[in-house]
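Per TrEMBL, the features are as follows:
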type	residues	note
DOMAIN	104-334	domain 'ABC transmembrane type-1'
TRANSMEM	18-39	transmembrane segment
TRANSMEM	108-129	transmembrane segment
TRANSMEM	141-164	transmembrane segment
TRANSMEM	207-230	transmembrane segment
TRANSMEM	265-286	transmembrane segment
TRANSMEM	315-337	transmembrane segment
Amino acid sequence: MTGSTGTGSLPRYILQRILLVIPMIWVILTLVFVILRVAPGDPVSAALGGKLDEEALDERRAALGFDRPLIEQYWDYLVSVMKLDFGTTFSDNQPILHVVRDNGGATLSLTVVAFLIALLVGIPLGLVAGRYRDSVPDVAIRLFGILTYAAPIFFVGFLLQAYVAAPLGLPTSGAASPRTVFTVEPTTHILLIDVFLSGDGAAIEDVLLHLVLPACTLGLLICGVFIRLVRVNILQTMQADYVEAAEARGLDRRKVTWRHAFRNALVPVVTVIGLQFALLLGGAVLTESTFNWPGLGKKLVDYINERDYGAVQGIVTLFAVAVVLISVLVDVVNALIDPRVRY
């Protein structure tokens with residue numbers, strides 16, 4: 001009877017999380033719509049003023065629906081998003097999904113690699129800090145984690161560009177050289193994948209070298225979070241009764257640390273992965289601007305500077321929905337790993 005209840009609780013939990021997505025996305029869509037509509041000025045004039053005469057601007061406003069009541073605009077916006085139509089840019093009438101297709105791959109590759117760097121650096125350092133509490137390595141690692149988390153992204157990027165790029169011969173701008181961009185076939189529109197599919201060794205090396213500095217800059221943003229989280233949970237687990245009992249039976253301390261403390265300490269890391277990945281998406285905007293990385297973040301900044309509200313609305317909506325969906329996915333994974341979160 002107990003097993004049946006436990007089994008049935010997982011589908012119910014997943015259903016609850018999915019149902020919770022609906023009001024969350026609705027609130028996000030409403031906020032995006034309201035914030036852009038209360039912004040001063042006419043978005044069409046701001047984006048196209050000087051390029052078209054007043055009559056052409058009026059025609060453009062009518063085509064975009066800006067001459068209709070706000071409630072009708074709001075309803076059309078919600079319906080369009082439900083149809084996965086995120087609108088078009090005001091400046092060149094390009095569908096937002098085409099902008100995402102052409103630029104989203106660069107942001108995705110940057111974010112994923114940065115996330116892997118944060119995990120590969122933060123988890124081992126957190127393990128060492130927790131294992132050797134209050135030692136010199138522990139203090140040094142904690143200081144490193146605080147500094148990397150507190151330092152602004154553009155400042156970290158500037159330091160890497162100024163003091164790391166030249167000695168190591170690393171590129172400081174862009175995602176690849178012109179030769180790679182124009183010769184590699186955009187099969188997936190994700191350059192990092194496309195160069196490996198092409199089998200061009202020079203192009204692969206070129207893309208990886210361009211990725212080093214921006215990925216390290218972005219990865220350091222959350223590296224400190226993983227250091228602190230793993231360290232705290234290692235300390236708590238090492239003080240657990242079953243760990244002390246294992247040591248009392250004469251088991252090797254290193255084996256105890258690995259088999260019990262480290263594995264149990266990783267569970268809370270999974271619970272914050274969604275939040276940290278969302279933080280990386282936000283940090284990608286600044287990182288891409290710092291390194292002239294051709295992703296959605298830089299494109300968003302460009303559209304903001306051009307006051308292209310249509311593009312801003314579409315891209316921000318996509319970012320927000322992606323963050324919510326990632327958060328729900330992580331909740332489901334947590335429920336699979338730790339059944340206690342289902343209740």
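Placed from the backbone N, Cα and C atoms, the Cβ positions cover glycine too.
TrEMBL labels come from automatic prediction, so no person has curated them.
Long-range Cβ contacts of the transmembrane segment (141-164) within its own chain (Cβ-Cβ under 8 Å, at least 6 residues beyond either end) map to 122, 125-126, 128-129, 170, 172, 213-214, 216-218, 220-225, 227-228, 231, 283, 286-287, 289-291. For the transmembrane segment (265-286), the list of distant contacts is 107, 110-111, 114-115, 118, 123, 126-127, 130, 152-154, 218, 221-222, 225-226, 229-230, 233-234, 236-237, 295-298, 300-301, 319, 322-323, 326-327, 329-331, 333-334, 337-338: same-chain residues at least six beyond its ends, Cβ to Cβ under 8 Å. Using a Cβ-Cβ cut-off under 8 Å and counting only residues 6 or more beyond its ends in the same chain, the transmembrane segment (108-129) has close neighbours at 137-138, 141-142, 144-145, 190-193, 211, 214-231, 234, 257, 262, 265-266, 269, 276-277, 280-281, 284, 287-288, 293, 295.
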